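Taken from Swiss-Prot, the feature ATP binding site applies to GLY183, PRO184, PRO185, GLY186, ILE187, GLY188, LYS189, THR190.
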Amino acid sequence: MVDTAPYIGSLGRSSLFDTGDIEQAPGNNAIGINEEDIHAFVSSTGETVQLKKKPAKLATGNISLYTNPDTVWRSDDTYGININYLLDKIEASGDDRTNAQKTSPITGKIGSDTLWVEKWRPKKFLDLVGNEKTNRRMLGWLRQWTPAVFKEQLPKLPTEKEVSDMELDPLKRPPKKILLLHGPPGIGKTSVAHVIAKQSGFSVSEINASDERAGPMVKEKIYNLLFNHTFDTNPVCLVADEIDGSIESGFIRILVDIMQSDIKATNKLLYGQPDKKDKKRKKKRSKLLTRPIICICNNLYAPSLEKLKPFCEIIAVKRPSDTTLLERLNLICHKENMNIPIKAINDLIDLAQGDVRNCINNLQFLASNVDSRDSSASDKPACAKNTWASSNKDSPISWFKIVNQLFRKDPHRDIKEQFYELLNQVELNGNSDRILQGCFNIFPYVKYSDNGIRKPANISDWLFFHDLMYQSMYAHNGELLRYSALVPLVFFQTFGDIANKDDIRMKNSEYEQRELKRANSDIVSLIMRHISVQSPLMASFTDRKSLIFEILPYLDSMISSDFNKIRNLKLKQAIMEELVQLLKSFQLNLIQNRSEGFDVRGGLTIDPPIDEVVLLNPKHINEVQHKRANNLSSLLAKIEENRAKKRHIDQVTEDRLQSQEMHSKKVKTGLNSSSSTIDFFKNQYGLLKQTQELEETQKTIGSDETNQADDCNQTVKIWVKYNEGFSNAVRKNVTWNNLWE
């Protein structure tokens with residue numbers, strides 16, 4: 001049994017350590033093992049087994065498991081191994097693998113059934129595709145939670161300004177406690193949120209807000225995630241997806257309550273101790289929010305988000321550029337051993353309209369298609385195997401390929417044959433609308449012969465014919481819709497030419513226009529709701545069409561007018577007062593725009609952004625935004641001035657009511673002493689003085705600062721003469737009111 005048992009030193013041996021100079025270990029007598037250190041026992045088979053005590057010097061790790069039992073390492077720098085020989089052997093094995101990869105054909109076979117969307121999901125910040133500035137801004141917002149969550153101090157930025165202690169958060173959290181990401185679906189908003197949260201050291205807990213509709217259950221779930229300790233070692237970051245699909249009284253109401261409770265707790269921590277009542281009622285005590293919340297939505301101007309947006313840091317996520325998406329898809333093809341041409345990848349990007357998940361799914365489908373075709377074509381010649389053209393020979397032609405074929409004529413084929421072939425492809429494709437839109441977008445850039453503009457004038461009539469046929473879908477059950485397939489063939493007859501040999505990669509503007517139209521429609525709907533709440537009478541005479549074409553353009557023009565050059569102060573103040581009232585009527589707010597960068601203080605913008613609905617020319621947009629910056633700053637100063645005046649008037653009114661209340665209480669007590677009489681006249685003097693201050697403040701609203709200073713300097717004095725004494729000459733019942741008649 002002892003002879004056949006393998007020695008433990010032979011386990012896990014590597015071929016790399018089989019060479020080199022090895023010294024033999026000395027025997028038992030040489031290393032000085034005594035007979036007392038040898039112990040014997042009888043095994044279950046009756047054999048006697050001797051165990052030798054391990055020497056103390058061998059317990060220091062000089063014997064390796066990769067060596068024989070009778071060998072030890074050398075004590076010199078080489079450790080008994082020829083390092084140069086090992087390096088040469090590793091380089092030779094690496095060259096063999098490289099040559100094998102070069103000589104082996106690219107088959108494009110898939111080794112597992114894993115979805116590529118999950119396989120190539122970004123794991124870290126550097127794996128994200130596009131939107132580098134936006135991603136850094138989101139990472140910077142999460143980084144601001146480090147002092148409150150991880151108890152670490154952030155390094156000061158060189159551009160950071162000194163702020164007073166009263167303006168800082170006591171826990172050094174960001175000003176906005178919720179990060180709101182919005183953008184079109186399919187561009188990776190949720191993936192970005194997960195990656196930046198994990199990159200910052202948080203464990204992600206995701207909730208789909210549109211599915212969570214039960215109020216008490218959702219509230220308990222959110223409170224457990226944000227305020228209770230979890231089994232995970234990392235702090236939790238709450239990610240709420242599809243928040244625009246939730247009802248206002250459900251998920252969003254809970255978030256608003258959390259933010260209001262956090263504001264109360266922060267104010268108590270800054271300005272005073274909590275009340276004794278709050279100590280007794282611990283369940284209703286305000287709680288500080290110490291965990292970040294990331295919300296994701298598609299529609300920023302949804303009605304349910306109006307109450308939540310003031311607490312949010314809003315970041316727009318845009319679709320990645322075609323160049324960055326092409327680089328990522330090309331990398332995936334290289335890693336998956338797929339030989340797909342760049343032109344085919346560009347077609348995938350156009351077909352998916354910038355949707356990263358859609359591109360990767362289509363790429364995996366094409367790879368599996370190549371794999372199945374290669375396996376079924378094993379009996380074909382080698383020249384017909386493993387080519388992109390042969391694998392996609394029987395696949396349907398995409399609509400943008402048909403668009404390019406419509407502008408290309410083959411001089412070696414009959415025109416009639418080409419016409420019927422293209423007609424068959426258009427009818428079988430099922431995307432006649434996209435084909436026609438692509439023809440309309442591409443025909444100004446193709447080569448064709450024309451004297452004047454006769455051909456474009458002719459095609460405009462056929463486009464009108466297509467609109468009439470398309471309307472039959474709603475009027476005649478689509479009976480005339482089949483004639484719309486002839487309109488793309490008119491482009492073939494009119495603009496087809498043999499000089500159009502290269503494909504024109506069109507910019508598919510349909511998706512962008514649809515998203516822009518949806519965003520502008522949401523902005524107009526939000527303004528209509530504001531008008532109905534603020535001015536119901538005005539809302540009854542205002543519709544969406546008049547608001548877009550008649551009201552908003554003139555309102556934007558008035559705000560953009562350069563009234564800072566007016567030297568007449570009264571006229572300037574009057575204009576600013578009217579503009580402030582207009583902003584108040586439409587509930588347009590002036591907010592700070594920080595879209596250029598997270599640490600860069602941007603200019604003021606109007607929320608909701610009416611300039612996106614009104615301004616269409618990009619050059620005019622830049623000019624108006626540059627001119628409007630000073631105007632918005634002046635309007636914001638005027639709004640703050642009106643708020644300060646209103647607070648002063650409210651304070652004076654409150655003091656007047658308090659003094660009147662005190663006066664009425666003293667009248668009821670019936671104090672008739674001389675001291676009380678004197679105090680009464682003093683109180684009346686103070687009351688009259690406060691009344692005059694209130695009247696002066698109301699008169700100075702809307703006037704110049706100079707006139708306001710002159711009015712404030714005017715004072716009114718009251719002289720009261722009182723002769724104390726008693727006389728019986730005239731006796732008459734005198735009431736208290738008679739004294740003041």
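We count from 1, first residue shown onward.
Note that Cβ sites are derived from N, Cα and C of the backbone, with glycine treated the same way.
It should be emphasised that the depicted structure is a prediction, and the values quoted were computed from it without experimental measurement.
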Spatial neighbours of PRO184 (ATP binding site) that are distant in sequence (at least 6 apart) but have CB under 8 A: ASN298, ARG319, GLU515
Other residues, Cβ within 8 Å of GLY183, PRO184, PRO185, GLY186, ILE187, GLY188, LYS189, THR190 Cβ centroid (ATP site): ASN298, VAL317, ARG319
CB contacts for PRO185 (ATP binding site) [other CB atoms within 10 A, all chains]: 11
Cβ-Cβ neighbours of GLY186 (ATP binding site) (radius 10 Å): 16
Chain-internal residues near GLY188 (ATP binding site), provided their CB is under 8 angstroms and they sit 6+ positions away: PRO122, LEU128, VAL129, VAL317, PRO320, VAL356, ARG357
